[in-house]
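Trainee: Starting off with a structure, shown below.
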């Protein structure tokens with residue numbers, strides 16, 4: 001069943017917003033859905049334990065019955081880079097450990113599964129490992145979320161180069177307009193479409209309420225080989 005790794009050009013550029021929109025689009029097409037965000041920092045304490053807002057959003061778009069801990073097995077309170085949060089908590093944040101956790105979700109064989117990373121492609125894990133090493137272990141095609149703002153062309157092209165250089169397929173990309181006041185917005189989008197070696201799955205404008213349904217209205221899953 002189709003599964004994809006979702007990464008972004010930076011942190012705070014709407015990876016979860018786009019991932020939730022993709023999951024909603026798949027559910028609306030009658031597909032079963034599952035998701036994982038294997039590591040998250042900036043989690044809030046609750047009666048059930050630490051909970052991450054982004055992971056909860058993804059969980060809400062899963063049609064399969066998943067426990068929170070399956071979606072987000074490693075949750076840390078400090079709103080800092082995951083490897084630093086893990087170090088403070090005395091947790092070994094290895095690609096192999098994350099891979100084992102994600103495999104549990106992939107084994108459910110949902111019609112459409114997304115695995116969302118944290119930050120960008122080279123976010124550090126344990127030692128010299130990065131989140132890109134997890135993506136390599138999973139061997140999933142990648143969806144790149146481009147946060148459209150000043151500097152996004154360079155960030156997007158470098159990210160795509162790194163993804164392909166790691167031997168993974170770039171299945172598609174999404175233009176998420178995080179700064180609608182970006183100078184020469186249309187020209188920037190045209191350059192991204194010309195230079196990125198993958199189909200664009202959609203252009204998502206800055207929305208007052210970026211609900212999964214509202215985001216899904218701007219996305220197209222067909223380039224991922226999913227008929228709607």
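Cβ coordinates are placed from backbone N, Cα and C, and glycine is handled just like the others.
On a predicted model such as this, the values are computed, not experimentally measured, just so you know.
Per Swiss-Prot, the feature active site maps to 37; the stated evidence is sequence analysis. Here Swiss-Prot flags 12, 13, 14, 15, 16, 17, 54, 116, 117, 118, 119, 205, 206, 207 as ATP binding site. Under the heading Mg(2+) binding site, Swiss-Prot lists 16, 54, 116. The substrate binding site feature in Swiss-Prot is assigned to 41.
Just tell me what is around each of these and how deep it sits.
Mentor: The Cβ neighbour count for residue 37 (active site), using a 10 Å radius over every protein chain in view, is 27.
All protein chains considered, the CB of residue 14 (ATP binding site) has 22 other CB atoms within 10 Å. In the three-state DSSP assignment, the secondary structure recorded for residue 14 (ATP binding site) is coil.
All protein chains shown were included, and the count of other CB atoms within 10 Å of the CB of residue 54 (ATP binding site) stands at 20.
Residues within less than 8 Å, Cβ to Cβ, of residue 41 (substrate binding site) and separated from it by at least 6 positions along the same chain comprise 52, 76, 77, 78, 79, 80, 81, 82, 85, 118.
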Trainee: Between residue 54 (ATP binding site) and residue 37 (active site), find the distance joining the two CA atoms and give it rounded to the nearest Å.
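Mentor: Rounded to a whole number, the Cα-Cα distance is 8 Å.
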Trainee: Write out the long-range same-chain contacts of residue 116 (Mg(2+) binding site), meaning residues 6 or more apart in sequence whose Cβ is under 8 Å from its Cβ.
Mentor: 5, 6, 15, 16, 19, 35, 36, 37, 54, 58
Trainee: Please give me the CB contact count at 10 A for residue 119 (ATP binding site), counting all chains in the structure.
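Mentor: Result for residue 119 (ATP binding site): 20 neighbouring Cβ atoms inside 10 Å.
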Trainee: Around the recorded Mg(2+) site, report the further residues of that chain (criterion: Cβ within 8 Å of the mean position of the Cβ atoms of 16, 54, 116; site residues excluded), sequence-ordered.
Mentor: 6, 15, 17, 19, 20, 37, 40, 55, 57, 58
